[in-house]
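Heads up: the structure comes next, in structure tokens.
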Amino acid sequence: MSLKEKTHALFAEKFGYPATTHIQAPGRVNLIGEHTDYNDGFVLPCAIDYQTVISCAKRDDRRVRVVAADYDNETDEFSLDEPILTHDSQQWSNYVRGVVKHLQQRDPGFGGADLVISGNVPQGAGLSSSASLEVAVGTVFRHLYHLSLDGAQIALNGQEAENQFVGCNCGIMDQLISALGKKDHALLIDCRSLGTKAVPMPQGVAVVIINSNFKRTLVGSEYNTRREQCETGARFFTQKALRDVSLDQFNAVAHELDPIVAKRVRHVLTENARTVEAADALAKGNLTRMGELMAESHASMRDDFEITVPQIDTLVEIVKSVIGDKGGVRMTGGGFGGCVVALVPEALVPEVQAAVEAQYEARTGIKETFYVCKPSEGAGLC
């Protein structure tokens, strides 16, 4: 049973009438451009064919009723005429409430709705299940009430909800790619202007995501430390962000910087350049160059930004040994565990999977999870 069939059936069962509208919003994976977003730099994600689906209908009053199919059909209900407060015990509810609250501030011209939500974006794998939910909820009200908000505004609304209502300090990439993704394309995003450029993916290439299933522990504290080190670097150059520093400027005075800060800055500057070049390589179908850039990105995250772990490095090594120069592989996400992303010719996917299954657990004691994805369409009707 598809997610849409599941939410549609549950809607009729719980609310006693059929849903009128079905909305999906995808998760995402970032192909290259790591820790560049908060430095006003570039990222190159694609939406994936794992998504949040919502079956919904307008109500005649100002109440919002929600059923979460993936949480034992837990329910939430709140009014648009009363202050929307955080839910004490249901964290999933706060993503819905936060999006609706911030949507009201943008465009108060909408009424109540009934929603049934389900998703298959793996949680805790760094594939943006939360952004997918936020964008899906925003898109529900945009469609039901014909709100004059575009995809970028729906994305910004989701980011605001996560930062200010849920209390998680995320960048804009995850929501933007979920809202604006394009089938068979990646999206080059300028995190300063929020400008986007669709980049065609080569035919016959699979997006493979492998979760190391290594339990991340340092990610929060170390993430904040990396941000502070980048800000220190930007201040040294008297710039608003590292986006504004050239590699030549850096190389001329790198010896004057604290050695650790210098390594962090070098990663961001080289990663920005790699990301822009990667978009060009992908558009030209040059998988060999894309693979080189992904390898350089991984080495930079390992040696200069120091955010990889041995389990992740092992996965990258195993995949690279199979694909050689026919594709690329690197860690993706914040670091200290999580996933690797690989661009793999479809014919080689079984061989990659077999190699990972044979070697990863034997070398690390952890069983991986393997996903084969297609670059998919952003949020909309389904």
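Every residue gets a Cβ built from N, Cα and C, even glycine.
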Listed in Swiss-Prot for the substrate site shared with GLU34, HIS35, THR36, ASP37, one of TYR95, TYR145, TYR223: TYR223
Listed recorded positions GLY124, ALA125, GLU162, ASP174, filtered to Cα within 10 Å of HIS35 (substrate binding site): none
Under 8 Å by Cβ from GLU162 (Mg(2+) binding site), counting only residues of that chain that are 6 or more apart: TYR95, GLY98, SER130, ALA131, GLU134, CYS168, CYS170, GLN175
ALA125 (ATP binding site), number of other Cβ atoms within 10 Å: 22
Additional residues surrounding substrate, by Cβ distance to the GLU34, HIS35, THR36, ASP37, TYR223 centre under 8 Å: GLY33, TYR38, ASN39, VAL43, GLY171, ARG226, VAL268, GLU271, GLY334
Sparsest-packed of the listed recorded positions (ARG28, HIS35) - C-beta count within 10 angstroms: HIS35
